Every structure is written in C-alpha cells, then in structure tokens.
Amino acid sequence: MSSQDRPLGVTPPISTSLPTDAEHAVNESLLEELKRQNTFESPAETAKREKVLEQLQLICNEFVRRVAREREAGSEALIKEARGRIFTYGSFRLGVYGPGSDIDALVVAPKYVTRDDYFKLFPGLLQEIPPTGAITDLAVVSDAFVPIIKFDFLGISIDLIFSRIASLKQLPKDKDWNLKDSNILRGLDEAELRSLNGTRVTDEIISLVPEPSTFRLALRAIKLWAQRRAVYANIMGFPGGVAWAMLVARVCQLYPKATSSVVVNKFFHIMRRWPWPQPVLLKAVESGPLQVRVWNPKLYKGDQFHLMPIITPAYPSMCATYNITKSAMTVIQRELQRGCEITDSVMMSKQPWSDLFVKHAFFTSDYKHYISVITTSTTKEAHKIWSGYVESKVRVLVQGLEQHPSIALAHAFNKGYDRRHKCSSEQEINQVQEGSLDYLLKAGDSSAGDPAEGNKSPRRPADGEHPEITPEATETIVFTTTHYIGLELVEGAKSLDLSYQVDSFKQLCGQWEKFNSNLNYLSVQHVRNVKLPDDVFEPCETRPQKKSATNGSLQKKKRGASEVDMHPPAKRQQSSVTAAG
C-alpha cells in the first residue's frame, strides 16, 4: 500500500476529496509567491550543499579509520572496512531549506568510537582534509546540552553532532541503512540519544505524511509565515522548526488529497481551534526497549503543565514545545486567527498570498512598553557564552512577569540584537552596560579593526581580569546582546513594581557557575516605544511617535527606568515601569 493510500495519523481523515480547479489555481499562486519571497535555493547552491556533504562523509570515514587504527590495531579487516555515516536532519532533510539555510548533520560511528574521540580528532580533520580556507568560523561546544561542532564549509553553515551505535562494531555498507530501528538506541547515554533523535524524528515525519511534496510546499509557507510574524524560536518559548513541521504534517494527515494551499488554510483553522492541552500526535506514542522517559502526562506530573504539547513521533517520544509560555500561546493564537482570516480571503481570490507574509509589528505598533534584557561582555569569547546562557533564561523572566497582576501579556521577541560599542573609559563601559547606545559601532565600521578578533589591547585579559585600558590602548570593544519583551498591561494599570521579578531573574543568571563578574554584566531596563533604538526598525518602517504634549504635561515628573544592577547598592533601588501616558 502506498503512502497515499494507507491511513495515517491517530484519527481518520476529515476529508479525502480531490482538489478542485480553483484550488489548483490558488496552489499555483502560492508557489509563485514563495518563489517571489526567495524561499527556494538555486540548483547550483543545492549542488554545492551536496558536494559539502560528500566531503563531510569522506572526513567522517577517515575519522573512524584513525580511531580504529588506535583501538583495533590487531584487526586489519576491521580497519580496512572502518566507516562512519553522515545523516542530516531538520530543514535540509525535510526538504524545506532555502538560500542561506544551515545544514544540521549527525556523525554516526561504530561502538569503539567515543564522543571524546570526536572532539579530539574531528576539528583537526576539518582543517586538514578540505582545501585551505574551505572551513571557517570553527567552534567546538563540547559541554552543550547536545554537544556540537559548528563551522562554515564553503560558506554553508554546518551544525555537526555525534553519536556512536553501541551495538555495532562495523556500520553497514548499505546506503539505505537508516536509524529507524529503536534497538540501535541500546547502550547509549542521554547526549547520544538526543543526538540521534533529530534524524529519527525527521525521518518519521516524512514517512507519516500522505504526500511529501504537498507537505513540503505547505511547510515552506508556514515557516515563512512563522518567521515573518516572529513566532518561530524554541529558545524564546515559541515552536521551533520541528514543531511547526509536525503541525503541518498533522493537517496533511487530515486532508490527504488536498493541495498545499488548502493544507495551509486548514492549518490555521484547525490549530486555531485545537483543544489544548490535548496533544498533537502523528501516531500513537510507542513503548520501546529502553528504561527512558517517554512523554506521558498520566505518569509524569511535569508533562501535565505543557500548554501546547506537540509530541515527536520517534521513540522515545518527547514534547517539542515544553517551554511555550502562556503569553507565547496567546500571541500564537492571535496570529493563527489572523492567518484564518487572510487565507480564507486568499482562497476566495479576495487577497493575495503576500498579505499572509507581512512582517510583524512588534516594535512599530504592538506595544507601548518594553523590557530590555542587556547582556554585556568585554571579550567576544566571554560574550558568546554569557549571552547564550541569558538567552536561554529569558523565558524564565517572561514567566515571572506573567505572574504580575498588572501584566496581561509578556511577549518576548524571538531574537536578540547583537551590538558592538567602542569605549574609551570605565565610565563609558558602565554607560553601555546600563543600555547607552552613545558609543555604538555601526555595521561595517572598520575603526575598531577586525570585529572577529575583539579588543586590540596590548594584552588580552585573562579570566578574572578587567580589560586593560591604558594610555597606549584607550579603546575597548564592548559586546552587547539585547532581548526585548513587549508588555501588555491590564486595563486601568498605571504603574507596576517589577523589582521582585527582575531581581529574581538577575539572581538566577548571576548564580551561573560560568558567570564572571569581571567580564560579564546583566542589565534589565524599561524602554518606551518612542525610545526604541534605530536598528530594530527597517528603513521603510514608521517609528512610534511621541504624542504632542498638552496642558503642561511635559512638566510632569517622570518615573525612573526599570533597572536592577548585577551588583545593587546596599539600599536596593526599586525597579518600576510607569504606564501613565
């Protein structure tokens, strides 16, 4: 039975009707709009990706052979046949990548190859085997939740993770060999299980949709919509790429004969009315050979608190949306309602598809009040670590803000803004730490030297030291990343004290074991919409304007900005946001 004929999903289809001529026409217009939006890559660029993956496979084989020579020195036959495998996952494996997309890839090796071997040998092989200059921006992150090597290969961004197969001393030659058999998970640690999960989930999603080409075009549309509307970022409490893919796949199961355009329209209607927290499942949750946790709200109390559970189809099933916040759920539902209205009109030829993909209004008109979370560091290396950690905790601040009785919504924007500042004194550094943009370096500014190298002090500060500012080298490059949270206040709210929420958040971040008070700083500020910096707006966008003052209102005393320092004075300053006006 073909994938088009076999029943898919945990419930029967809603409709198996064939598309009408009108629906085919709307589908063609969707395809044309996605092309206009530059979501498809050229054949030459795709061929370049395939070439990069071929070279990665060669490097992978050499990596396994080198470990085999050391660990299996007496077995010439095993060494001769030693090989690894490169698997992809994410958007590339789903077939929905576009210009500039990265490639998520997985190195799979036999049982005698360890993760330590991977981080010891693979970075060197990346520099040794490809042509000179092919590999750039190489970064090894061995202590991440999913340990990873990041690099650019011929200009294509690669995220490369690792797992061994503990039950195999030799990987099969068969090119069709895959990771679907759950028995290959035996004997693996948690990091290896997480590494294998990406490819296993992606393969399951593709196998569970009735028509992959219909699914891919619909998913391209939903991804573009989610990115344009800023509801695409797992780390900030929104669904990530895999979660949106599973939602689209579920709608494909319910309308197995529909065109992509109909799937997109039905997607908005079904997901807008979905009875959360009922989970979205592509198939029944399976048991397996391991003593590992599988998503089960009846068994695990923590699973009961997932607001919008979308469950991965590969064993062991997990919730891909465990970190969605109450505010994010509200924002998503508003956007789904907007999508319903627009796509209904599109299906009736009353609106163009381009209206669906109009950019969000997060900064231009959505909110009057914002909280800015500013991470600061005085070396590039320290900032990458510090800003990444704080980013992963912003949703904790959002959850704290949601508990405030005067806050109706705390909407975290889905990405941070990286900035560089050139400071000539400790006083200027302190001002930047508190949110000043007076010393901001514009993009492409060459006055600070190579931005990739950071500060040009005579001696780079070691851990625990302040950056040197001397008469010979009076300039320090300060790195900041700012995340914005839009606040929607309850009706009648005039002002609110956020000192408890902000203090708790800063205390959480300051207690991190890798926090270094000599290199890192965290500031939380209140920003009115009329005071937002220029770089959050596109050139064609209209900034919020301050209302004309009447009846002497300009003479009214302003409340202080919301702020809590990492090292507060003995008498704690109150963090407050004034909502009046």
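Backbone N, Cα and C define each Cβ position, glycine as well.
According to TrEMBL, the region 'Disordered' annotation covers 1-22 (among others).
Look at TrEMBL and you will find 9-209 tagged as domain 'Poly(A) polymerase nucleotidyltransferase'. The domain 'Poly(A) polymerase nucleotidyltransferase' (9-209) scores a mean pLDDT of 95 in the predicted structure.
Feature annotation from TrEMBL assigns ATP binding site to Asp102, Ile103, Asp104, Asp159, Lys223, Tyr232, Gly241, Val242.
Cβ neighbour count for Asp102 (ATP binding site): 15 (other Cβ atoms within 10 Å of its Cβ, all protein chains included). Residues or ranges marked as Mg(2+) 1 binding site by TrEMBL: Asp102, Asp104.
The Mg(2+) 2 binding site feature in TrEMBL is assigned to Asp102, Asp104, Asp159.
Among the features that TrEMBL reports, domain 'Poly(A) polymerase central' is placed at 214-358.
Feature annotation from TrEMBL assigns domain 'Poly(A) polymerase RNA-binding' to 362-546.
The annotation region 'Disordered' is assigned in TrEMBL to 443-472 (among others).
As annotated by TrEMBL, compositional bias 'Basic and acidic residues' applies to 460-469.
Feature annotation from TrEMBL assigns region 'Disordered' to 537-581 (among others).
The compositional bias 'Polar residues' annotation in TrEMBL covers 572-581.
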Note: among binding-site residues Ile103, Asp159, Val242, least Cβ-dense neighbourhood at 10 Å is Asp159
What is the Cβ neighbour count of Tyr232 (ATP binding site) at a 10 Å cut-off, with all protein chains included? 21
Quick one: which residues besides Asp102, Asp104, Asp159 have a Cβ within 8 Å of the Mg(2+) 2 site's Cβ centroid, in sequence order? Gly90, Phe92, Ile103, Ala105, Lys150, Ser157, Ile158, Leu160
Using a 10 Å radius around its CB, how many other CB atoms surround Asp104 (ATP binding site)? 23
